[in-house]
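A.B. asks: Have a look at the structure that comes next, please.
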Amino acid sequence: MKRMSGRVSDLVVSSRWARKPVVSLFLYTLGFTPALWFFLLGVRNELGPDPVRSFEHTLGLWAFRFLLASLAITPLRVMFGVNLISYRRMLGLLAFAYAFMHVTTYIVLDLRFDFAILYRDLTRRPFLIFGMIAFICLLPLAITSNRMSIRKLGRNWRRLHRLVYPALIAASVHFLMAFKTWHTDALLYVMCGSALLAVWVVFYGMKLQKLRLGSSG
Amino acid sequence: MASYSFPQPLPGEITPKEHYLRRRTILSGAGLLAAGGVAKAAGLQTHAGPFGTSETPTSRDDITHYNNFYEFGLDKSDPARLSGDFHSRPWTLRIEGAVARPLTIDIDQLIAAHMPENRVYRMRCVEAWSMVIPWDGIPLADILRQVEPLGSAKFVAFRSVFRPDEMPGQRGGAGGISWPYVEGLRLDEAMNPLTLLAVGLYGDILPSQNGAPLRLVVPWKYGFKGIKSVTTLSLVETMPPTSWNQLAPDEYGFYANVNPEVDHPRWSQASERVIGSGGFFGEKRQPTRMFNGYGEQVAHLYTGMDLRKYY
């Protein structure tokens, strides 16, 4: 990677820290702190009258937050010259981990393994269908997040990882549908997601145009 | 003058004797039944009513800290946290419309005139959770008889308060409900012996977050029918608008009877989570019962109706 001058180069250097095992262990621990914290509150019966639902929602919210953070990496670099690219995999994996814990809590603590209800929910209820679509979209991304997959898949890796955008859209619909009314917080999160999606569409469009110009010129 | 004829079932038709007897043990167990059948608890004089349930009541803490009362905020912890500015006294209740004797009465006069009864009711929220709540209240039928509905009266329209200064959720942003909250019942539903205007909880005056000073309790319907902080009852000829129905007519009907066979478009209504029933790992999920288990008292109100259509 080319060294840049001043502020940006410092960030590039700092972003390389993420590759050091100690640093990445520390950051992952930090990332899992909310889950652990709320789990302990739940065990101590300090999550209010409806602890399972509260825990479930908290995990879903953090999954969405990490998803937004992972998607913000590229716009930050392109628009503001802030390079945090080395943290992107970690943020994406945390988003997946929280989504996984969210789904697990739903099946284990909420439904208590009642697969009849699970089947009915997943075949009939758009709210839960969208949630599950988001989760399923994230699954291959998590599996192929290692170096070997990146090398093996080559160009297809990038293509595959565009699945993050369907995941974002499905998760946004799921988030908005979770409330009986339009919920201000959910709307704000979804607006952030839409902005990131819009930025990506613009970049992608520009890139395509450049390629087309390049090939014709 | 034409007036509504009130069905007068025998006590045994309303509550089977074994339930009636079991209620006594429940009430005495809950400490609500003092000498002479009259309990005096923290400012509210109450007596034992004809309805009870064998279920254990949800804890007072859970009942008062897990509330859907969007006038105070969207989160269930908001009503307890953000209702400090709300003044439930003095309070005037008006009953108007198609009645022979319209009534305007102070809440404490109303309570003095009708000693509230203890009623332990199951409460099933449309969001698929449930509680068991020891209300203290006045049967709505008692009050309606007093105002003498005219023959033209077919429905009761209920209206809550609009006080954005005291209710932060009404200062815009609470998800598109137009304030004040309104609800409605068919007159025969309103006259059913189960229908209650609650003024107390666990023998105490109703806390703000639970709908002080006066709220509707219709135990066989989803919780959102239980309009809180009621100011006006109006006897009307046509089906009145109801807040959730106006907001999302395909999700919330006028009737809103608890029905495990008619799902909410976004989730199943077949079962419910019992609030406060076992903490993090042991929270109970139980099957939801038709009419929330009150079919014996209310199923006849809906004979011949397609409950899928009139959800």
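Just so it is clear, glycine is given a Cβ too, placed from its N, Cα and C backbone atoms.
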A.B. asks: TrEMBL has B:ASN67, B:TYR70, B:GLU71, B:CYS125, B:ASN210, B:ARG215, B:GLY226, B:ILE227, B:LYS228 down as binding Mo-molybdopterin; which of B:SER160, B:SER178, B:SER268 does it also list for that site?
C.D. replies: B:SER160
A.B. asks: For B:ILE227 (Mo-molybdopterin binding site), write down the residues of its own chain that are at least 6 apart in sequence and whose Cβ falls under 8 Å from its Cβ; none is a fine answer.
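C.D. replies: Expected: B:PHE158, B:ARG159, B:SER160, B:TYR181, B:VAL182, B:GLU183, B:GLY211, B:ARG215, B:LEU216.
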A.B. asks: Check the DSSP secondary structure of B:SER160 (Mo-molybdopterin binding site), expressed as helix, strand or coil.
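C.D. replies: Assignment for B:SER160 (Mo-molybdopterin binding site) reads coil.
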A.B. asks: Relative to the Cβ position of B:GLU71 (Mo-molybdopterin binding site), how many further Cβ atoms are located within 10 Å?
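C.D. replies: Step by step: centre on the Cβ of B:GLU71 (Mo-molybdopterin binding site), count other Cβ atoms within 10 Å, giving 28.
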A.B. asks: Can you name the residues of this chain that are 6 or more positions from B:ASN67 (Mo-molybdopterin binding site) yet have a C-beta less than 8 Å from its C-beta?
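C.D. replies: Long-range Cβ contacts: B:LYS76, B:ASP78, B:PRO79, B:ALA80, B:GLN209, B:ASN210.
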A.B. asks: Tally every other Cβ atom lying within 10 Å of the Cβ atom of B:SER160 (Mo-molybdopterin binding site).
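C.D. replies: A count of 25.
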